[in-house]
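Asker: Residues or ranges marked as transmembrane segment in TrEMBL: A:12-29, A:49-79, A:91-113, A:158-175, A:196-222, A:254-271, A:291-310.
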Amino acid sequence: MDFLTLLQVLDTTIRLATPLLLACLAGLFSERAGIFDIGLEGKMLASAFLTAAVAAASGSVLIGTLAGIGAALALSGVHGLASITFRGNQLISGVAINFLAAGLTVVVAQSWFGQGGRTPQLSGNARFETIDLPLAAEMRDIPILGPIYAELISGHTLLVYVGMLAVPLTWWVLFRTRFGLRLRAVGENPAAVDTAGVSVVGLRFAAVAICGLLTGLAGAYLSTGLQAGFVKDMTAGRGYIALAALIFAKWRPWYALGACLLFGFLQAIALRPDVIEGTLGFEVGVQLLDALPYILTVVILAGFVGRAIPPRAGGEPYVKER
Amino acid sequence: MTDQTPAIELKDISKAFGPVQANKDISIRVMPGTIHGIIGENGAGKSTLMSILYGFYRADSGEVFINGKRTEIPDSQAAIRAGIGMVFQHFKLVQNFTVLENVVLGAEDGRLLRPSLAKARRELKALAEEYELNIDPDARIEDIGVGMQQRVEILKALYRQADILILDEPTGVLTPAEADHLFRILRGLRDQGKTIILITHKLREIMESTDTVSVMRRGEMTATVKTAETSPPELAELMVGRKVLLQVEKPPATPGKTILEVEDLTVVDSKGVERLRGIGLEIRAGEILGVAGVAGNGQSELLEVLGGYRKAKGRIRLNGKEIDLSGSKSNAGTRRKRGIAHVPEDRHHEGLILDFAAWENVAFGYHDKPEFNKGIFMDNAAIKADAAAKMERFDVRPPNPNLAAKNFSGGNQQKIVVAREIERNPDLLLIGQPTRGVDIGAIEFIHEQIVALRDAGKAVLLVSVELDEIMSLSDRIAVMFDGQIMGERLPSETDERELGLLMAGITDTDKPHSEAEIEANLAKKRASAAKEA
C-alpha cells in the first residue's frame with residue numbers, strides 16, 4: 001500500500017467516523033447525565049431525512065440542517081418527557097423512537113417526494129461543500145506533510161471539522177465548567193445534586209437537548225455531507241455503533257474520538273477490498289469486511305475489552321427520597 | 001423560657017401523605033447554640049419534619065421561622081439560603097468525585113470550575129483547622145471510609161455557611177470511636193454558636209450529647225424536655241406510649257452440645273478480594289453467639305456462606321456432620337433442610353419479595369414442604385392458613401396475609417421474616433441485623449423471640465452493627481474486622497470501649513490507644529471496603 005492510498009483510506013476513515021463521533025458525543029452528554037439513549041439511531045435518521053427534505057425544498061443545506069436538528073431535538077424532547085418527566089423506562093422510550101423514525105421517515109418521504117421513500121438527489125448549495133483549508137494547494141508539494149495536510153486534513157465538509165472540534169469542547173465543558181461538574185454528578189448521584197439545591201430535571205433536559213443537537217448534526221452530515229440525499233435506513237446501525245464506541249471509550253470524550261476513528265477505519269477498509277488484498281496478500285471476503293464494525297460492536301458490548309463502569313445512576317429515573 | 005430568639009421555630013406544621021398523617025400540628029423551638037435531639041420510633045415523622053425544614057417536602061400547613069423571621073422553604077436551595085444544612089442518613093455524595101468536587105457541587109462561584117475549586121480548597125483548610133474536620137480534599141469519596149464521608153457532608157453544609165445543621169441518624173454506620181469523634185465535632189460546632197438538630201432512635205446518644213430533646217410519636221410531638229431533666233426509661237415511654245423494657249431479660253445460658261463448628265472459612269469475592277480470612281467459631285445448643293463489627297468487615301459474607309448462597313473454602317459441621325460449601329448442592333434450600341434458618345440482613349432484598357403477599361412470603365423457602373402442596377399444585381389455602389396463624393402469633397399488624405409485604409411497616413415486615421424462620425424450629429438460626437429499621441416495640445418482641453429460641457435449646461448466630469443489641473442479647477461475643485475474628489469476649493467481662501477497639505482491628509485492648517491510631521488502622525481497611533460498597 002503506497003502512501004497516497006493510505007492517505008485515501010484515512011481520509012475516508014475521517015469522513016465515516018464523523019457521524020459516529022457526533023452521535024457518540026451526543027450519547028456521552030446524555031448518558032453522563034444518567035439518561036441512557038438507545039434512540040441515537042432514530043434521531044440521526046429523523047435528522048438525516050428532514051435535513052435532506054428541507055435542503056431539497058429550500059435549496060439551502062443550512063436551512064435543511066436546522067430542520068434536521070429540530071427533528072432530532074423534538075425526538076429528544078419526547079425521550080426526555082418519557083424518561084425524565086414521567087420517569088418511564090429509558091430503553092423502551094429509545095426503542096420506540098427508533099421504530100418511529102425508521103417508519104415515519106420513509107412514509108413521509110414517499111408522501112412528499114414519491115421517489116420510493118427517498119429524497120431527491122441533492123446538489124450545489126443543498127449539500128455541504130468541501131472546505132479547502134488555507135494554503136492546502138500550495139503545501140501539496142511538501143513531502144509527507146504536504147499531502148497529509150492537503151489530502152487528509154483539508155478538503156472536508158464543515159461538519160467534519162465541527163465533529164473534530166466538538167471533542168475538545170466536550171472535554172472542556174465536562175471537566176472545566178460548573179455545568180459539566182453538575183452534569184457528571186447528576187449521572188452519578190442525582191440525590192447529591194438535588195440536595196445541593198440544583199434542579200435534576202433541568203440538568204437532565206439540558207443534557208438531552210445537547211444530545212438532540214449533536215445527533216441532529218450527525219444525521220445532517222449523513223444525508224448532505226457523506227451522501228447526497230436521504231435513503232431508507234441510511235443510518236445503518238450507526239447509532240448503535242456509536243453506543244458501542246461510547247462504552248469502548250468509557251464515556252470519555254478523547255477516548256470517544258479514538259473509538260470512533262477505529263470504527264470509521266473498519267468501515268473505510270471495507271470499501272477498499274483491493275487495498276486489503278494488496279496489503280495482506282490474500283483476498284478477504286467483502287461480506288466479512290462489511291461485517292467487521294458490527295462484529296467489533298458485539299465484542300465490545302459483550303465486555304471483552306475490559307471493564308467499563310457506566311455512570312452509576314444511568315437508566316434510573318430520579319425519585320426524591322430521604 | 002428565655003427571651004432569646006429561637007434559631008428555628010416551627011408552628012403547627014402538618015403534612016399528610018394520602019391518608020397517612022405524617023406530621024400533625026407540630027410546634028417546636030430550638031435555641032441557637034444548642035444541640036437539640038429529636039427522638040421517635042420509625043415512622044414517627046421525624047424525617048418528614050426535617051425534610052420539610054430542608055425543603056424536600058412542603059408542609060400542608062404551618063409556619064417556619066428562622067431566627068425569628070418567617071421563612072418559606074419551597075426547595076433545598078431556599079433552605080441553604082436560610083442557613084440550613086442537612087446530613088442525610090444515606091450520604092448524598094458523588095462516589096467518583098473528589099472531596100473538593102463534592103463540597104463545591106451546587107455552590108460554585110462561577111461558570112468555570114478552577115476558581116471555585118481553588119477557593120473551596122482554601123476554605124476547607126480553614127474549616128478543618130477550626131472544627132477538627134481534617135480531610136484530604138483530593139481523596140475520592142469511594143476511597144474513604146464512612147466516617148470521613150460523613151465529615152464531607154458536614155463540610156458541605158459548613159461551606160454553604162450553614163448555621164443550623166440537621167443530622168439524620170448519623171451514627172448508624174460508625175464505630176463507637178468514630179461516633180465519639182462526631183459528637184466532639186458537634187459540640188465544637190455548638191460552642192461556636194451553631195445550632196444542631198440530631199435525629200436518632202438511640203436513647204444513649206440523646207442522653208450523652210443533646211441539650212434539649214423532643215419526642216415524636218405517630219406524627220405528633222409528645223414532649224420537649226431538657227435532657228438533663230429526663231431519663232432513658234421516661235423517653236422510651238414517651239416514644240412508645242407505654243412502658244418498655246430497655247434491657248433484654250434473659251436467664252443465664254445453659255449451653256449443650258456443639259451445634260455448629262466452623263473452621264478456617266475463607267471467601268474470595270469476584271474481584272479477588274478476600275472477604276473472610278480463616279474464620280473459626282463454634283456455637284452450642286442453647287447459646288447466642290453475637291458477631292459484632294462495623295458493617296463491611298465480612299459479617300455479611302459469613303451469613304451468606306452459612307445460609308448457603310455464597311461459595312467458600314473451609315469446613316463447617318452442623319451437629320457433627322460436614323456441610324458441603326462449594327458443590328452444586330450447596331444452596332439455601334439444602335441448608336434449610338439441614339435445619340439452618342436464616343433471617344437475612346437486608347429484608348427488602350433478601351428476606352422478602354415486597355410485591356408479593358404476606359402469605360406467599362411466609363411460605364418462601366419452605367414452599368416445597370408436603371403440607372403446602374397437593375400433588376403438583378401448591379395448596380394455597382393451607383399456606384394462607386399457616387401464614388395467618390404465624391402472623392397472629394407474632395403479632396404482625398395488620399394481621400392480613402393478603403396484603404403485599406411492602407405495605408407493612410419495617411417492624412412488621414421483619415416480624416414476617418422472623419416468624420417464617422423461627423416457627424420452623426431450626427437447630428441453628430442465623431439472624432442478621434434483626435432490628436434494623438424496626439421500632440422499639442417490635443425490637444422488644446423480636447429480642448424475646450430470639451431468647452426464647454435459645455432457651456428451647458437452639459443455637460443462634462446473631463450479626464448486628466448495634467453494639468447495644470450485641471451486648472444485651474449475646475452469651476458470647478465475637479468481633480470481626482477485615483474478614484477475621486479479632487477475639488471473643490463474654491458480655492459480662494467486656495465493655496464498649498474494648499469491643500470498639502477490636503472492631504477497629506486492635507487486639508491489645510489493655511493498652512490505651514489514641515484516636516489517631518484507631519483511625520489510621522481503620523483507614524487502611526476502609527479504602528477497600530468503601531470500594532466494594
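For all residues, glycine too, the Cβ spot is worked out from N, Cα and C.
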Asker: Tell me, please, if the transmembrane segment (A:158-175) and the transmembrane segment (A:254-271) are in contact, taking contact as 3+ Cβ pairs under 8 Å between residues separated by 6 or more positions?
Answerer: yes
Asker: To the transmembrane segment (A:196-222), which of A:12-29, A:49-79, A:91-113, A:254-271 is linked by the most Cβ pairs under 8 Å?
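Answerer: Stretch with the highest Cβ contact count: A:49-79.
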Asker: If you count every Cβ pair below 8 Å, which range out of A:12-29, A:49-79, A:91-113 shares the most with the transmembrane segment (A:254-271)?
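Answerer: Stretch with maximum Cβ contacts: A:12-29.
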Asker: Counting only residues 6+ away from its ends, which parts of the chain sit with a Cβ under 8 Å from the transmembrane segment (A:12-29)?
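Answerer: Non-local partners: 37, 40, 43-44, 152, 156, 159-160, 162-164, 166-167, 170, 183, 207, 210-215, 217-219, 221-222, 225-226, 235, 238-239, 241-243, 245-246, 249, 251-253, 256-257, 259-261, 263-265, 267-268, 271-272.
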